[in-house]
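Feature annotation from TrEMBL assigns domain 'Aspartate/ornithine carbamoyltransferase carbamoyl-P binding' to 6-147. If you look up TrEMBL, you'll see Ser56, Thr57, Arg58, Thr59, Gln83, Arg107, His134, Pro135, Cys136, Gln137, Cys264, Leu265, Arg292 marked as carbamoyl phosphate binding site. According to TrEMBL, the feature domain 'Aspartate/ornithine carbamoyltransferase Asp/Orn-binding' maps to 154-303. Look at TrEMBL and you will find Asn165, Asp225, Ser229, Met230 tagged as L-ornithine binding site.
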Amino acid sequence: MNGTSRHFLDLTEFGAEELRHILEGAKRIKSTRNGVRRGEGPLAGKVLAMVFEQPSTRTRISFDVGMRELGGETLMLTGAEMQLGRGETIADTARVLSRFVDAIMIRILSHDDLNELAENATVPVINGLTKLSHPCQIMADLMTFEEHRGSIAGKSVAWTGDSNNVLASWVHAAPKFDFELRIATPKELAPPTALIEQARAAGASIVVTDDPYEAVKGTDCVVTDCWVSMGDDDEASRHNLLAPYQVNARLMQEANPQALFMHCLPAHRGEEVTSEIMDGPNSVVFDEAENRLHAQKGILAWCFGAL
Ligand code: CP
Ligand code: NVA
């Protein structure tokens, strides 16, 4: 948060109590959803600009519908259609957008650009995914875990696959929500040491290994994501390195029998996860997708001081 605006940029910028407040607010908003009529609500008259430099299905639609369900309106923009695509600076774009709209949600690969936007905007800025993090996703994932299994505190979550933006936000969440995180990646794609050390310094219990079976053994939740994220080169070597980290029936057998399977989607069936697991009884991937809507309504309400 800067002096004037309530930004939602990364989970690291929040205290544990504030994040819990947003999550519980989101759950409350979800539980009263049926009584809400579109066009009415706490954000009536507010406009959210949504800027996408990369494609999106869930983030785009859930923010759009969420804003409408809170009574507000949205503008859907892409960098290529704006003067951003012709070299107008991020800082000037932030200053101009702030004169027109009440909040900005942006998906942009460069995390530095996200920060520059937030520093120069006088309205709240929300991180809709950068190359470094995806905090809205993890708020939805935490909500999904707790709906199915109760408090995540004291539970364990195993990540298997590539080290990417979604994993980074899981790492950021670990010390805030007090769960153990066990990460299995190929050595060549291991998470940055500083990311892990910062979370450990904040009190998180984090195991890093290159053995997916060690990470998953007895865990309460198995999480994976695509092998090639937006902005990555789709090289054959990546696929070869990541093949042993696929979530399949053999790997899931090592987890707690009640373990949930999560994936932020879009999934690449037959690569990072088999259809048997995606469509199996432990999978909550579509609840996760739906909870993007509810979690982000909590985040939006918080940004506008309406939670
Ligand atoms: N999980 C997620 O952010 O999906 P989209 O890329 O479709 O927004
Ligand atoms: N790690 C993926 C997440 C997509 C929602 C990516 O950055 O492409």
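Just so it is clear, glycine is given a Cβ too, placed from its N, Cα and C backbone atoms.
Unlike curated records, TrEMBL annotations are generated automatically.
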Return the average pLDDT for the domain 'Aspartate/ornithine carbamoyltransferase Asp/Orn-binding' (154-303) as a whole number.
98
In the domain 'Aspartate/ornithine carbamoyltransferase Asp/Orn-binding' (154-303), how many residues does DSSP put in helix, strand and coil?
67 helix, 26 strand, 57 coil
May I ask which of the binding-site residues Arg58, Asn165, Asp225, Ser229, Cys264 have a CB within less than 6 Å of any atom of ligand 2, listed in sequence order?
Asn165, Asp225, Ser229, Cys264
Taking ligand 1 as the reference and 6 angstroms as the Cβ limit (strictly under), which binding-site residues among Ser56, Arg58, Asn165, Asp225, Ser229, Cys264 are close?
Ser56, Arg58, Cys264
Which binding-site residues are spatial neighbours of Asn165 (L-ornithine binding site) here, meaning Cα within 10 Å, out of Ser56, Arg58, Cys136, Arg292?
none
Which whole number of Å gives the largest C-alpha distance between any two of Ser56, Thr57, Arg58, Thr59, Gln83, Arg107, His134, Pro135, Cys136, Gln137, Cys264, Leu265, Arg292, the residues noted as binding carbamoyl phosphate?
31
Give the three-state DSSP assignment (helix, strand or coil) for Gln83 (carbamoyl phosphate binding site).
helix
Which residue counts does DSSP yield for the domain 'Aspartate/ornithine carbamoyltransferase carbamoyl-P binding' (6-147) in the helix, strand and coil classes, in that order?
75 helix, 21 strand, 46 coil
Given Met230 (L-ornithine binding site) and Arg58 (carbamoyl phosphate binding site), what distance in Å do their CA atoms have, once rounded to a whole number?
15
If we count other C-beta atoms within 10 Å, could you say which of the binding-site residues Ser56, Gln83, Asn165, Ser229 has the fewest?
Gln83
Could you state the CA-to-CA distance between Asp225 (L-ornithine binding site) and Cys264 (carbamoyl phosphate binding site) to the nearest Å?
7
